[in-house]
Ligand SMILES: Nc1c(C(=O)O)ncn1[C@@H]1O[C@H](COP(=O)(O)O)[C@@H](O)[C@H]1O
């Protein structure tokens, strides 16, 4: 399976959130690499990683960070790949800081920002699958089947009331 998605995060402590993006990629059989990369703590690595991402064959980058969450925006500034930003829930401000740091990009350098925390990470995995699915029918079909499964579960949930 070729590695198509880079899942990066500012700290190992973000893994509890970011693993939900990886679970979706596993489920949809999309190859990915996961790595801790920090704009603040490892700035040279971050630049190098973003600069080499296209040549390494990635199609999408999912970047999660909390607090002063500069990683997604800085990576987006250094690559033409689409970047999906996941705001990790911070302890002090519940992730509002992360969300605003990621979503309020200046015009010209977009980051596709999802919701705070686990649900956002899951959606980041799905959004990455949909980007790839635009050019890969098998991935698109698997993503569609997942959506159908969720629809069935919701419809059946009425029976449990
Ligand atoms: N926001 C960033 C960046 C960055 O944006 O590059 N690097 C680390 N961090 C964040 O600091 C928080 C606390 O990190 P520690 O748990 O390691 O102290 C994490 O949520 C991480 O994403």
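Every residue, even glycine, has its Cβ placed from backbone N, Cα and C.
Per TrEMBL, these features apply:
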type    : residues   : note
BINDING : 11, 14, 41 : substrate binding site
DOMAIN  : 3-154      : domain 'PurE'
Widest Cα span across the substrate binders 11, 14, 41, in Å?
14
Listed in sequence order, residues with CB under 8 A of residue 41 (substrate binding site) and six or more positions away:
10, 11
Relative to the Cβ of residue 14 (substrate binding site), which residues of the same chain, six or more apart in sequence, are found under 8 Å away?
36, 64, 65, 66, 88
Cβ-based neighbourhood (8 Å from the centroid) of the substrate site, residues 11, 14, 41 excluded:
9, 10, 12, 13, 36, 38, 65, 66
Using a 10 Å radius around its CB, how many other CB atoms surround residue 11 (substrate binding site)?
17
Arithmetic mean of per-residue pLDDT over the domain 'PurE' (3-154):
98
